[in-house]
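So the structure is just underneath, and the comments pick up after that.
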Amino acid sequence: MLKCIPLWRCNRHVESVDKRHCSLQAVPEEIYRYSRSLEELLLDANQLRELPKPFFRLLNLRKLGLSDNEIQRLPPEVANFMQLVELDVSRNDIPEIPESIKFCKALEIADFSGNPLSRLPDGFTQLRSLAHLALNDVSLQALPGDVGNLANLVTLELRENLLKSLPASLSFLVKLEQLDLGGNDLEVLPDTLGALPNLRELWLDRNQLSALPPELGNLRRLVCLDVSENRLEELPAELGGLVLLTDLLLSQNLLRRLPDGIGQLKQLSILKVDQNRLCEVTEAIGDCENLSELILTENLLMALPRSLGKLTKLTNLNVDRNHLEALPPEIGGCVALSVLSLRDNRLAVLPPELAHTTELHVLDVAGNRLQSLPFALTHLNLKALWLAENQAQPMLRFQTEDDARTGEKVLTCYLLPQQPPPSLEDAGQQGSLSETWSDAPPSRVSVIQFLEAPIGDEDAEEAAAEKRGLQRRATPHPSELKVMKRSIEGRRSEACPCQPDSGSPLPAEEEKRLSAESGLSEDSRPSASTVSEAEPEGPSAEAQGGSQQEATTAGGEEDAEEDYQEPTVHFAEDALLPGDDREIEEGQPEAPWTLPGGRQRLIRKDTPHYKKHFKISKLPQPEAVVALLQGMQPDGEGPVAPGGWHNGPHAPWAPRAQKEEEEEEEGSPQEEEEEEEEENRAEEEEASTEEEDKEGAVVSAPSVKGVSFDQANNLLIEPARIEEEELTLTILRQTGGLGISIAGGKGSTPYKGDDEGIFISRVSEEGPAARAGVRVGDKLLEVNGVALQGAEHHEAVEALRGAGTAVQMRVWRERMVEPENAVTITPLRPEDDYSPRERRGGGLRLPLLPPESPGPLRQRHVACLARSERGLGFSIAGGKGSTPYRAGDAGIFVSRIAEGGAAHRAGTLQVGDRVLSINGVDVTEARHDHAVSLLTAASPTIALLLEREAGGPLPPSPLPHSSPPTAAVATTSITTATPGVPGLPSLAPSLLAAALEGPYPVEEIRLPRAGGPLGLSIVGGSDHSSHPFGVQEPGVFISKVLPRGLAARSGLRVGDRILAVNGQDVRDATHQEAVSALLRPCLELSLLVRRDPAPPGLRELCIQKAPGERLGISIRGGARGHAGNPRDPTDEGIFISKVSPTGAAGRDGRLRVGLRLLEVNQQSLLGLTHGEAVQLLRSVGDTLTVLVCDGFEASTDAALEVSPGVIANPFAAGIGHRNSLESISSIDRELSPEGPGKEKELPGQTLHWGPEATEAAGRGLQPLKLDYRALAAVPSAGSVQRVPSGAAGGKMAESPCSPSGQQPPSPPSPDELPANVKQAYRAFAAVPTSHPPEDAPAQPPTPGPAASPEQLSFRERQKYFELEVRVPQAEGPPKRVSLVGADDLRKMQEEEARKLQQKRAQMLREAAEAGAEARLALDGETLGEEEQEDEQPPWASPSPTSRQSPASPPPLGGGAPVRTAKAERRHQERLRVQSPEPPAPERALSPAELRALEAEKRALWRAARMKSLEQDALRAQMVLSRSQEGRGTRGPLERLAEAPSPAPTPSPTPVEDLGPQTSTSPGRLPLSGKKFDYRAFAALPSSRPVYDIQSPDFAEELRSLEPSPSPGPQEEDGEVALVLLGRPSPGAVGPEDVALCSSRRPVRPGRRGLGPVPS
């Protein structure tokens, strides 16, 4: 956006003006100045009332925004905007659109929403370019009948109008994608609506539709359909035709069922059918495999379909306010479910399979009839569990109990069983409640009525339905409550409870009383109970019924007293009826006893007020403390029975033996507990009574205050006391600071309690403060004489910063002092002899065994947790001043571990662990809030010392705060994995079994973490390959161990499999999880490792490089690239793909092709990409220490490769080949590709040339500078078509210098090269060549041991510049890329043949005259020799004894050389005729090798023909130049001939005096200091067409080119030709050569050699 500011001499060329939200009341005048250039004008959100005349002179406007103004009229001059594309006049007061709008022919986007329009002008439909039209909320009553003329409409918005019908022409809008008709009065849709082929969104909400046309199913591209808030009673079956539908909104209709065709909507993601009348959901819903959100709220569903379990992508299921009675067990199949809402249904039980929905975070079951929750829900990571509407917190604390009906373990809490709110069906029961209260004492009104007239018995239910149960009861007086309570207790002893669903109907009076008492529905199941054998049998059901009637019809005050109870929280709906023969204490939590006649409900009392009853500070005698700590309840009903569970501040309940319970009942003075004024007397009586009941339980109770009782061990322990000491510490500051953090200060958040002092909140482990003895929690009193008591935080910071180098600080430290008195051991009762917290799992399965002795063995563990953004991820319970976690134990315990939190990920904590110290602060006898403050301190890491009951001996782990471990000595606890050894660490059962049953020994290694590195690296994980370790059994392995690191000193080795880290199972962990487990801060790292055998062939080799010597290897593979192992595509290792015999590796002889590289100079190669491995290998010095192991066998695995390799052409390779080109690299920075027969190389593998310049390896050759900037301009030839293979591969040649003596695979033959090599040829034709010395004897070509790239001709180097050879296509001719049409080619051939005949005689005459001079320019080899050498590759005959390669057989009987596919076929036919039995090949070649041979052979054919063309061109040009200039003049060609430039020869001739290492390659001469610059070469002008570089057959047909009529271009051609071919040897050409040359075809003047074509 451009804000135009009218400055002086401002630029008048303004295209956009934005004046939105500027409170303009008129169009600014400066806008008119830009009428010639203004294209975009935005005046939205102003106060414009009219548009003046000059406004419509802005003829170039393309976008006009006038929304949110007060414009009352749109003038007809709007037709002036003939270039207007976008018009927005929404939210104005425009009453009509002018007819002249039709002249805005360019209008594409128009928005008229929010105007008081009632109709559209007749010419509006002439806006044929209109694509987006918005007419929302314009009071439109009908659409124009010809609206179909707007054929380009893509979006049509007609929301909030008065439309009652749609025109039939709407179906002509074939481009329409979005149609919004919501908020209209449509009653029926036209059938033609289904003829919109491109419609994607259809909005029909808030209309009056009663049915949808079946033609709607033809909208195959429809994505969103909204028909909510209509009157639909059914959906058409054709709805299943909407195959792309993702959103289907059917809310607020009258649907009773969904069609079965809905299962065809495979893409459906959101289905909303809330507020309908659904009685069932079709089973076909399970076929909607992509459904993620299903809303079925407020329907009449009784059950859900079983196919719901197929919806594996379902995340949100809402079935609130239905009539569900049960959930199908298949709901556990919804593994992605995260929110399940079942509020206000009739559910009595939840299926345990619900625990399979592992992603479930929110479960809402409020308003149901649940008795309990399945215990399996503890496996879920629930964030919210709603059991009631008025629930205060999203998560509750649960107890476990056994279901009396099924015997299964269930969860319960104070909100279970549920008490659903009264509904219409309960109104009849609640209506007559006033009858029960009508006989209240006359002095008080029991029920406050809201109706004037009294209600009779006959219409009580009807009146109650009208009132909806709205009554208010009078609050009883406390004195009345006491009388009522006694009456209720007396009546309970007269009758046994009756189960409502036992078969006998309850009397009406009893139903009313039950509803008044509990408000629970009649079909809820009772909670779990425990059977008491000694309980007397109750009466039968009939007797129960009679007693109930008697009890409920008793009149007067007794009824009123009975109906009122002290506020209780009910756990079941079975009310305790009068007639129970047991007296129920008020404060005693009752275990649900099962009687023969019915079930006793569990009553849970309200939590007492914190001021009532037992207070330790007000106890009159110390014996009461002993009794209290021994297990007394706050209400004093008796000790906690073993097996009871605490629920926060609430009292536990547990089944007890009948005798014990009777004893407690006899001596419990319950009546006195209600009165506050009798509190002290009640406490004394309670304590004395309990002492009498527990005779023999406590032998001697010490009369000392503050004793504690350990019920687990039955010990009376004198508590430790906290002493405070003042210390003076001196810290020597270092460059990194003091290594402490402080918290608190006056005016800041207190660090501990209400103390506003300065505290140490964090101490670095290796910092100066830690070495001086500073601890977390120390209170800072003084720093270098500056008092900090009462100081603010910033003052303390400044004091520490300005303290200088030596900091002397005075701190105040709290420490626990153990008592001197011995522990008093009390005899155990038999029923108390087991751990009361065994079943407190909370969803984590702990391998805890019941102790065999009264005092179980305890094991201490160290856990170090790093605080995450969500905290530490665990909760603690217990401590002084809090409810004990274990009865009689004031210690602090881990009570809950949040799944996915820091503690859960660490795996070192377990529920039930006792916390002994936090960050070195002893908390064994600390208060709960003190421990919380230590855990919530600002320290990022928390070190915990834990104590855990274990069955085995204690491991030798030192305490972290006693003596810090040194880094030099590693504590290692080794346990051999033999069955029956008790010394294995405490592990999960599955991990323990794996450690015991494995074939290899398992050891536990402990590494003290002193702040330094561990000295090891790992590889593998469930998401990473671990090659070469664990190929058959993946896992996490140690891939590197530093020689003198902590891991090496502890005995860890490369190849060890890590099973667990600090108790956390990492066998199936991802790589990142394993790394996080190892890096997690802790005081000691415990590793459980398995000694897996080392990879086969693991050894370390040391190779010394001579000064300037190359390493001489190439590598392949690497992470995130092409696999280097042909046997395993997932193997990301680094392998040796080539070993050059001239390098240090070849001289050493121990490295071979196929070995896997693990480390180079102590640097691991595991997990490195190909490029990183190359850089690492290139950076080594003269000494190479490499760790290798066996990889693959080059000879056997070569045939497994699908692709024969990568022929890297850095110029023609596209983005798609980047990975493959980077997967093979030479390690030597200056290494060039060498002769294919001179290296040990994997077949089909070639080197990828980097941008480095090549260097000559032979003696006498100067390095050549290769400038690829000019070559990179050569256009790519596109895809490569492979030529079908026609010949078998040759025999493998024996390398004379192979150190291992093995036969390397044969190199690629010419058949392997791609068919269109002109790009690589053109790019490489300019490489200068060298010629061997003239005195070199001619001998059959035998490849030397090594040759540098400069010693090779361009034919031999072509394969390094080819594209990747791909799989051949099926049985088709090779694709030919022709740059010249067939007609033009035929004409050129005819023309050149005619000119050739005319010039032949003249050239024969001139050839003899130019013979002497031509000898100076051409080499001395005859054309026949050239052809014979051209037809055979340099490596085709490696030795005189080896047979010729069948790729290029010699001509028979002096026939023509084989240079084309046709010639080869003819030659093979002759061979078959002469020798009917074909020779059997010595080795069957793989298809890859055959393709390589075929491609390379054809490339050599083409190169030979190209070379002969060049020589012909040179000779012909020289002859023509001589003939035209005459003898007396020296032409430019003769002058150029004197310049030193090599001439090509087709095959190599080894030179004896240069040695085998430096034999020159074919056709090259030493260049004395001559560097070839391709930039100068690419700048040479060229007009020669490129049709001479074609596919083989086409190049064979191209025979002659037209001669030159003028000498100028010939001279220029001569220059280029000599630059290309080099300087010829003097006297190298005889007259016979000239005659042979003249018999061939001349060259056209425009031809300039075969160098790269300048772009």
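The backbone N, Cα and C atoms fix where each Cβ goes, and this holds for glycine too.
Feature annotation from Swiss-Prot assigns repeat 'LRR 4' to 106-127. The feature repeat 'LRR 6' is assigned by Swiss-Prot to 152-174. Residues or ranges marked as repeat 'LRR 7' in Swiss-Prot: 175-197. What Swiss-Prot lists as phosphothreonine is T378, T475, T689, T826, T1342, T1545, and the listing cites a large-scale study or a structure entry. Annotation comment: Swiss-Prot describes 728-815 as domain 'PDZ 1'. Annotation comment: Swiss-Prot describes 862-950 as domain 'PDZ 2'. What Swiss-Prot lists as domain 'PDZ 3' is 1004-1093. Sequence annotations record features per position, and here Swiss-Prot assigns domain 'PDZ 4' to 1100-1194 based on sequence analysis.
Assigned with DSSP, the residues of the repeat 'LRR 7' (175-197) fall into helix, strand and coil as follows: 5 helix, 3 strand, 15 coil.
The secondary structure of T378 (phosphothreonine), as reduced to three states from DSSP, is helical. Long-range contacts of the repeat 'LRR 7' (175-197) within the same chain: residues 131, 136, 151-168, 203-213, 215-221, 226, each at least 6 residues beyond the stretch ends and with a Cβ under 8 Å from a Cβ of the stretch. In terms of DSSP helix, strand and coil, the domain 'PDZ 4' (1100-1194) has 15 helix, 32 strand, 48 coil. Helix, strand and coil residue tallies for the domain 'PDZ 1' (728-815), in that order: 14 helix, 37 strand, 37 coil [DSSP]. For the domain 'PDZ 2' (862-950), residue counts in helix, strand and coil come to 13 helix, 38 strand, 38 coil, using DSSP.
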